[in-house]
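For reference, the structure discussed in these notes is given below.
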Amino acid sequence: MRFERLAQDGQARRGRLSFPRGTVETPAFMPVGTYGTVKGMTPQSVKDIGAEIILGNTFHLWLRPGTEVIETHGDLHDFAQWDKPILTDSGGFQVFSLGDMRKITEEGVHFRSPVDGAKVFMGPEESMAVQRSLGSDIVMIFDECTPYPATEAEAKRSMEMSLRWAERSRIAHGDSPSALFGIIQGGMYPELRERSLKGLLDIGFDGLAIGGLSVGEPKEEMLKVLDYLPGWMPDDKPRYLMGVGKPEDLVEGVRRGVDMFDCVMPTRNARNGYLFTAEGTVKIRNAQHRYSTQALEADCDCHTCQHFSRSYLHHLDRCGEMLGAMLNTIHNLRYYQRVMAGLRTAIEAGTLTAFVEDFYARRGMPVPPLAA
C-alpha cells in the first residue's frame with residue numbers, strides 16, 4: 001500500500017491510497033459488507049455508487065462460512081466477486097459486543113459462537129491468520145474496544161492490553177503483503193490516547209485507526225477526542241475513524257484530518273426507510289410521500305433518484321418489498337459517496353470552509369466550532 005497526500009485545507013487532507021487491486025481516493029467512506037456482501041447490493045451496484053473499497057467482517061466470516069469455504073475459491077475477493085480493495089476489521093469489536101458470552105484473558109477471548117453456541121477462541125494470532133486467508137488489502141490488529149463509560153483505570157488496563165495484542169498482531173502478520181493498521185485506544189482520556197499512539201508508532205504500522213468512538217458516548221465527547229488526536233498522528237500515514245457515522249460526523253472527521261470512515265448507518269437506515277439527503281433525513285414511510293411524484297432528491301444521480309418517485313419508494317416500504325430496501329440502499333450509499341467527493345473537491349480547491357457552511361445551512365444546522 002502507498003499513501004500520497006495530494007492537497008490540504010486547514011487540517012483536512014486530500015489523498016490517495018494505492019493497492020495492487022486499485023486506488024482509493026481519500027477522504028473515503030467504505031460501505032460495510034459484514035458477510036462478504038453489502039446488504040441489498042450486487043458488487044457491480046457497489047461500484048456504480050462510487051465505492052472504491054469495502055469493509056468485511058473477520059469475526060462473522062470466520063464463523064460462517066469459515067475460511068475453508070472461502071479458500072476453496074481463492075480468497076474473499078474471489079468468493080464475493082469484488083475485485084477492488086477490501087479492509088477487514090479484526091473481529092475484536094464483535095467479540096467484545098458479546099457481553100456475558102465471552103471471557104477476556106491475556107491470551108485472547110474465549111466465547112460461545114452466536115451461530116451455533118460452540119466454544120471458540122480468538123486472539124491476535126487467530127485474527128491475523130483469518131485475515132490472511134481472506135486476502136485482505138488492509139488488515140486491522142486485534143484489540144479490545146474500550147467501552148463507554150470507563151474509568152481511567154479501566155481504560156488504562158484495556159489500552160495496555162491492546163498494545164500487547166498489537167505487538168503480537170504485528171509479529172503474526174509476518175511477511176504478508178497486506179497493509180496492517182494499528183488501532184488507538186484509551187477511551188476519553190487524552191494521556192491514555194497519547195500513550196497508545198506512541199506505543200503503536202514504536203511497533204510500526206502502515207496506517208493508524210481511531211477506535212473506541214461511536215460506542216455510546218455523547219457527540220461532544222467524540223469531537224473532543226477528534227479535536228486533538230488526528231493532529232498527533234503522523235502526516236505520512238492514513239488515518240481511519242472506525243464505525244463513524246452520520247453524514248455530519250464524516251464532515252467533522254474530515255475537518256479534523258481523518259482520511260477513512262466506515263459505518264453501517266447508510267445501509268441499516270435504508271432498510272428502515274430513513275433516507276439521507278442534502279436537506280436532511282427523509283422518512284419515506286410517512287404518509288406525506290404517498291402521492292409525491294418527485295424524485296427523492298432532485299440533483300442526485302443515483303439509479304433510485306433517476307428512475308423512481310417518492311410515492312413508489314413509499315409504497316415499497318409500506319409493503320415491505322425487498323426492492324424498496326435495495327433502492328433505498330443505492331441512494332443512501334450514493335449520497336455518502338457524493339458527500340465524500342464534495343469534500344475531496346473542496347479540499348483540492350481550498351474551499352472547504354464554504355463547503356462546510358453550505359452543508360450545514362441546507363440542514364438548518366449551525367457549523368460546529370473547531371478547537372483553537
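Cβ coordinates come from backbone N, Cα and C, glycine included.
When the ranges 215-221, 243-249 are checked against Swiss-Prot, the one recorded as region 'RNA binding' is 243-249. The record from Swiss-Prot ties Asp89, Ser90, Gly91, Gly92, Phe93, Asp143, Gln185 to substrate, and of the options Gly66, Gly117, Gly207, Gly212 it ties Gly212 to that site too. Cross-referencing His173, His289, His331 against the Zn(2+) binding annotation in Swiss-Prot, which names Cys300, Cys302, Cys305, picks out His331. Looking at the stretches 22-26, 252-256, 267-271, 362-366, the one that Swiss-Prot records under the feature region 'RNA binding' is 267-271. Long-range Cβ contacts of the region 'RNA binding' (243-249) within its own chain (Cβ-Cβ under 8 Å, at least 6 residues beyond either end) map to 93, 213-215, 219, 222, 261-263, 265, 276, 335-336, 339, 360, 363, 365, 368. For the pair Asp89 (active site, proton acceptor) and Gln185 (substrate binding site), the Cα-Cα distance reads 15 Å. Taking Asp262, Cys300, Cys302, Cys305, His331 as the recorded positions under consideration, the smallest Cα distance to Gly212 (substrate binding site) is found for Asp262. Checked against Cys300 (Zn(2+) binding site) by C-alpha proximity, the binding-site residues Phe93, Asp143, Gln185 yield Phe93 as the nearest.
Around Gly91 (substrate binding site), the same-chain residues at least 6 positions away in sequence with a Cβ under 8 Å from its Cβ are Asn57, Thr58, Phe59, Trp62, Met122, Ser127, Val130, Phe142. Listed in sequence order, Cys145, Gly211, Met242, Gly243 are the same-chain residues six or more apart from Phe93 (substrate binding site) with CB atoms under 8 A from its CB.
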